[in-house]
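The transmembrane segment annotation in TrEMBL covers 43-67, 79-104, 116-138, 158-179, 210-230, 256-275, 295-314. For 59-311, the entry in TrEMBL reads domain 'G-protein coupled receptors family 1 profile'.
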């Protein structure tokens, strides 16, 4: 064989290798094209995703245990914060782990029925978070603008009723959207593979969802927190002139409003790119690359990891520095609970059979670092 023939054969072989297509094989003899990543890239993505999932799970679990366990934290505002933490905790437990596998492996291995359940849970928790933040903004505005009315009328029982209404309304809205089949009518520009788990909205439902699930809650938050800023300036003058019990109470409410305002701002920054991408996709026949949409979706759900960090930095009941080695103290302070949980998680993974795998080995060595971060906070 001549040199030219060998070169031609080599070029043909390389072309065949470049054109190799990998597939996800599903039940019913269905195959969908699969995106392949290198082993190193997949490992890095798994380690980062595992850290995000662990932070979301453990951080929000600390908030849930703290507010539930400490009676002094049973206030209307903290009941709403508890509801938000519960939504974030469920995201870290039932949404993010499956998102990790689906995003990195580019295949949905869990079946059609679970895809429907997963989509309902994902959309419902998103709606719950949005509505929770809107209700928290209303709560903070009432506490600051009319503290006497707030102290008399806004009770823990009323906050619990609001939480129930938020969760029921969100679930009802998502189920109506999912089971009406109106969300998939006249969808142009996208034809998902039957085996993949893809949630698609047409222009009508996509616009309605963005307005109801994002624009309306964000408008409420922005308006009320703008009014809170105006009231804050007045209170600053009052504090400089007169120090009274009422003024001190208003100052405490202002600090809580500041913390929750940061939560709202971070939430908007995390979710705005995703909703902007979703809205644009409705009008340009879903031509935005799936990698971009997936990245924005991950940015949105990373928000569930950030809220406990914000509480640790700014919320007064997270900022004390107790001696967690004292007897019976690990269940008496949020930061001690975090240290206790991190130690238990590390011990569990070190004793587990899965410790031999490279990915789990990387994840296990993230835990002590995460513990030190939270102890520092």
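Using N, Cα and C of the backbone, Cβ positions are placed for all residues, glycine too.
Automatic, uncurated: that is what TrEMBL annotation is.
Beyond the ends of the transmembrane segment (158-179), by six or more residues, the same chain brings 76-77, 79-80, 82-83, 116, 119-120, 123-125, 127-128, 131-132, 135, 139, 205, 209, 212 to within a C-beta distance below 8 angstroms of the stretch. Here the transmembrane segment (295-314) does not lie next to the transmembrane segment (210-230) in space: the count of CB pairs under 8 Å, restricted to residues six or more apart, is fewer than 3. Sequence-distant contacts of the transmembrane segment (116-138) (same chain, six or more residues past either end, CB-CB distance under 8 Å): 77, 80-81, 83-84, 87-88, 90-91, 94-95, 98, 110, 162-163, 166-167, 169-171, 173-175, 177-178, 197, 199, 213-214, 216-218, 220-221, 224-225, 260, 263-264, 267, 300, 304. Fewer than three CB pairs closer than 8 A are found between the transmembrane segment (79-104) and the transmembrane segment (210-230), and contact between the two stretches is not assigned (pairs 6 or more residues apart).
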